[in-house]
Structures are given as structure tokens and as C-alpha cells.
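Chemist: Can you keep this structure in mind? I'll have questions shortly.
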Amino acid sequence: MAEFWASPYGFALSMLLQGLAVIAFVMGSLIFMVYGDRKIWAAVQMRRGPNVVGPWGLLQTFADALKYIVKEIVIPAGADKFVYFLAPFLSMMLALFAFVVIPFDEGWVMANINVGILFIFAASSLEVYGVIMGGWASNSKYPFLASLRSAAQMISYEVSLGLIIIGIIISTGSMNLTAIVEAQRGDYGLLNWYWLPHLPMVVLFFVSALAECNRPPFDLVEAESELVAGFMTEYSSTPYLLFMAGEYIAMYLMCALLSLLFFGGWLSPVPFIADGWWWMVIKMWFWFYMFAMVKAIVPRYRYDQLMRIGWKVFLPLSLGWVVLVAILARYEILGGFWARFAVGG
């Protein structure tokens, strides 16, 4: 048996099983994310939320998914059918593909590559193409204009996200996500995590993630009460479901990045409790709760305000933070606190 797993066939089978496990975990989480999002929103508004299908409404998401799947797919006249169907599939698969390099515990990662952060950014950057393709292939000017706005929004906040992560890379000297988590290991538990030295960037990263995922209060592309569905206006049935699934998976990816980069991933918050994958899952669901609460309580921004914040506030702050972290790490300022994280230190 050991010889089989060491063979090319065993390696291929191992990769296939790991890929299926990642897909099963993310898609299973997706079901409860939609349910939790609706329940939290209902609780803030003093409603009950989903409560009919299944116990406590737990099967409501399955019922909604089945409803979308069995509906007729209405294709607009003059639409490019190939691109029309490729766009939602591409958006969901790229978000799902990024989880290949997300570690849930020590050794629990499908591809432990040294450029894991670059891999995630490459996958998330390509999601813009799915949005533009969906708007263009619909052969309608309104979805196309919405797709251009969405692309501008996503690209604008990717710059800030990248600069924030550069600060973490300077602190650890690595782009490997497992190495970043291990750099946060220490005798003081959560006080060793990067949320403390990088506290301002935690806030900036979270807000930028909201804009990157088109989540309220930055859901200007598909504001339900104003723009119907933005670039998804001409989509229905399963293609629309794939677009929505892609957005939730991208949000879950941001929850994973927040947990890994700033909150120790699978590390325990207190030294006397064992580390484990459950800490990673708990932290991811905490950040999902924060995403859901922001959706429920924060009013929507105007588009010009969104772009102004991204380019005139977040970009200078994140760039200045990179310079500050580089200086602190290079010259071992503040009692050598940054020295142990310095590149080459």
C-alpha cells in the first residue's frame, strides 16, 4: 500500500481525494453561511428569519438552491451563450480554487507552496474577468455598465489588500501561509498574533475585504433595493446561483485570510489549550459573523465615496504602513520587538 501511494497513480488519487475534501468543506460551509447570514439579518431586524423548511429552518438553503436549479434558464436575445455560461462558472471555480493553498492545521493543506499568498491573489484577481464577461455576454447595457463598476471597485481595493499583506510578509520573511502562522506562535498565546502589532491594518483589511467581495455597505454593483442585480440582472436559474455561490465563497476566503494573517490560524489563543483545526474554523466563522453584522447595521455608501475611500484613504495608509514596518524591522526599533520578525533577522 505504501508503494502505491508513493507512485504517480497514488499521488494523483491523493490529490483528487484532497480536492474533493476541500470542495466538500467549502460547499458545506456555504450552505450554513447563507442560512446564518439570513438569520443574523433577521435577528437584527427583530424577525425570525428562515424557520419553515426543516428544524429551525436549517433546510431552507437546500430548498432555495433546488428552486433555482429547476427554474428555466432564460438567455437574452443576442447573448454570447458560451461566455454567458462560462462567466458564473469561472467566478465560482476561481474562488474555490484559492482554497487549495489555505492551511487548516499544520500539514492540513492541499498545496503548501512558498508563494501561497501570490497564488490567492492571482486567483482572486481573475475573478474580475468573470464579472466583466457576465456583464458583456448578457448583451444589455445595464449589466455591462454594472460589470465595469464592479471591476473598478474590485481592482481598487485589491491594491490596498496587497499592500497590507506586504507588511505581514516583511514581518515574517515568507509568503507561505503555514510559515506566517508558525511565526505567530509564542508563549503568550493571542498576544503573539499579528493583530496586535498590525492592529490598524486589521481594520483596513476587513473593510477592503468587504469592498472586494461586493458586500454591504459596498454592494453598490448589485444593490437589491436600487439596481436589481447589477451585472447579474440577465441571469436566472443555475447561472445566477453560481454567481451568488462565488460571492459567498470569496467572502469565506477573506475570513480564512484574516484568521491566518492576523489571528494565528489554527493556534490556540491561550498556551494551555491545544492547537487544532477547530480554532481555524472558529476564527473563520467569527469573521463571517462580522461580515453579516456589517451587512445588517451599516448603511450603503455612494459610489464616489467608495472610490474616494479606496484611493485617497486606504491606499496612502496601507503604503505608509508598509514603509513603517520596513523601517521598524530593518533597524530593530521599539525594543527589538520587530527584530525577531525582520527579514534575515
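Just so it is clear, glycine is given a Cβ too, placed from its N, Cα and C backbone atoms.
Keep in mind that this is a model prediction, so the values were computed, not measured.
Swiss-Prot lists 15-35, 82-102, 115-135, 161-181, 190-210, 240-262, 278-298, 309-329 with the feature transmembrane segment, giving sequence analysis as the kind of evidence.
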Chemist: Using a Cβ cut-off under 8 Å, which residues of the same chain at least 6 positions beyond either end of the transmembrane segment (15-35) come close to it?
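Modeler: 50, 57-58, 60-62, 64, 96, 99-100, 110, 245, 248-249, 251-252, 288.
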Chemist: For the transmembrane segment (82-102), could you work out the same-chain residues 6 or more beyond its ends whose Cβ comes under 8 Å from its Cβ atoms?
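Modeler: Distant Cβ neighbours of the transmembrane segment (82-102) are 19, 22-23, 26, 75-76, 109-113, 116, 119-120, 123-124, 126-127, 129-131, 133-134, 136-138, 177, 235, 239-240, 242-243, 245-247, 249-250, 253, 256, 260.
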